[in-house]
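Lifted from TrEMBL, the feature list:
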type	residues	note
TRANSMEM	B:21-39	transmembrane segment
TRANSMEM	B:45-64	transmembrane segment
TRANSMEM	B:71-91	transmembrane segment
TRANSMEM	B:97-117	transmembrane segment
TRANSMEM	B:124-142	transmembrane segment
TRANSMEM	B:171-192	transmembrane segment
TRANSMEM	B:222-243	transmembrane segment
TRANSMEM	B:255-280	transmembrane segment
TRANSMEM	B:312-333	transmembrane segment
Amino acid sequence: MDWLFFGEISLAGLAMGGLYALIALGFVIIYKATRVINFAIGEIMMFAAYLFLAFAGGMEMSPWIALPLAVIGGSILGGVIEKTIIRPMLGESPISVVMVTIGIASILVGLVEFVWTADPQLLPNFLPREPVFIGELYLAPKIAYGFLIGSALLIVYLLYFRFSRGGVALRATASDQAAAYSMGINVRRVFNMAWVFGSLAASLAGVLVAATGGLSPQFGIIGLSVLVVVIVGGLDSILGALVAGVFIGWLETVAGAYLGGEYRMPATFLVLAIILVIRPYGLFGTHEIERV
Amino acid sequence: MRIGDAKQSYEADEAIWTSQTQKLWLGFFLLILLVFPFVVDSYLLYLGCLVGIAVISTTGLNILTGFTGLISLGQAGFMGVGAYTVAWLSINTALPFPVTLVLAGLMAAAVGILVGLPSLRVKGLYLAIATLAASVFLHFIFAEWESVTGGMGGLSLEPAHLFGLTFQSDFMMYFIIVPLAVLMVAGARNVFRTRIGRAFIAIRDRDISAEILGINLLRYKLMSFALSSFYAGIAGGLFAYFYRVVTPESFPLSMSIFYLAAVIVGGMGNLLGGILGAAFMTLVPEALKLLTAALTPFYPNAPVFMSPMLEIIFGALIVGFLIFEPHGLAEIWHRIRRFFRLWPFRN
């Protein structure tokens, strides 16, 4: 076994996993606050990445201006989706809400194809090009810097939700909506903020992932990998999203490198199936006790 | 509710036929189905076959999702199992097509039971994701188990044979697909008059109450999975005979979503809804194609926008129906009927 190769692959996988963790965090924020499983998260990422393409490529802005603009665009999209489509579905069965997000995903794919056609696109490169070495191990610069930017936002989020007023409101809403409401927390605003913050994380990750791997209307498939991450980690666990994100990213990359690209999805979904059977609520998720 | 329609026994309440008029209209509808292939052109015939297959599969998914409350993202995978079973059997054995179709249904039902097993421990969305995992594995098996499935190239099969007849044209296939669809919808209608079907509905409405009433949850959930995938398997088998090529890409995840959308647009937990939804969702893309063809002389790049428009319309239909018409087309149908029944007394 070639340990150097294994190390490099693992490193790339872990870095990719960091981005998965960031997307999964966005997913978990939305789920915690609103109990909505967001199948459209991959498409929100894709939308933000296309916005970046439009700002940086089409309008020739500096990427460092285009990046925040695209991320803000993605989070506005999340907020608008929540206000216009998810809010009226409040109280409907989870099946219906999931289907609504699938519908949104389809609409977003259509819109993107409408504006930017179905052809694959390359994002203008904005990350430094010098190769990165960690010890002996080479890491592609795009992945390395993507990981750094993603982790920075991840840490900001973790601190924000731990210490800020908004974070406390979010966690209070997650644990008991009625109690939070009677304590003067504006629950509806929390719902909206959760979608904005969740989409913001997804949007940044979307631009970073698209910068390494290219962009096409099929980009949203990545949402399936994120789904695996959050189920393995536990739908309502931020820690779970981080651990499972890094693990699934690593597993996917290693399986892809050693067994071939067609094994990437089955490998992660195998882990998913095992987790569903032995710990249905995920590694760190809350075990819900059903009361009649 | 009609006037003078007080029911006096449980049988009367459960009866499928409540009036002569109903029988008359249904007979009329069946007559149209019979005459249809003789009077329409080949394109409409092709659409008729497609709708027939979609009705079978949607009815199957409706049993699982609409009546038992178990959401499944694996319908396309189950159809694939049926299609590959038919393709493999017709290439490697000399079995006549009714046998291969039934075997396809049974094979899909067996896979469905396997996929349903996690429903012992997980439910709701977790179950949906378990079925998603199943569809990923099935796709992987279709693509990689080359000695049986022919890999990415897939399998091509001969047309169905029976009693010296060759079911090659759409015209001939129509007479397999549509009677089967009618039969299977009628079968589903009858299932919901039996203990099994009632148990499904009880599980959907409240699983814990159902369990307390003495319904073995795992058993009935697995039964629902089996029945639903049996329908999918038959639909997949017909799909194989209809196109006579089966590849892994014939059954993508988007197809599972398509059938879920058909169930929702039609009306969850309503067999008529499943039929309307399947027909509607199959015909919308075709209508859009016709519209595009009509617009092309005036806007030369209309075809470019067709595929994105289709995605948008598909999504908008799902979102729109769920928000504005959660009971689907079936509810619209009932509203229309009510209007005519009450006219002109209502206003």
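Just so it is clear, glycine is given a Cβ too, placed from its N, Cα and C backbone atoms.
Among B:97-117, B:222-243, B:255-280, B:255-280 has the largest number of CB pairs under 8 A with the transmembrane segment (B:45-64).
Note: the stretches the transmembrane segment (B:97-117) and the transmembrane segment (B:222-243) are in contact (3+ CB pairs below 8 A, sequence gap of 6 or more).
Among the recorded stretches B:21-39, B:171-192, B:222-243, B:255-280, B:312-333, the one sharing the largest number of Cβ pairs closer than 8 Å with the transmembrane segment (B:71-91) is B:222-243.
Beyond the transmembrane segment (B:222-243), the same-chain residues lying 6 or more positions past its ends with a Cβ under 8 Å from any Cβ of the stretch are 49, 52-54, 56-57, 59-61, 63-64, 67-68, 70, 72, 74-75, 78-87, 90, 97, 100-102, 104-113, 115-117, 119, 157, 159-160, 167, 170, 173, 176-177, 180, 184, 188, 191, 196, 200, 203, 250-251.
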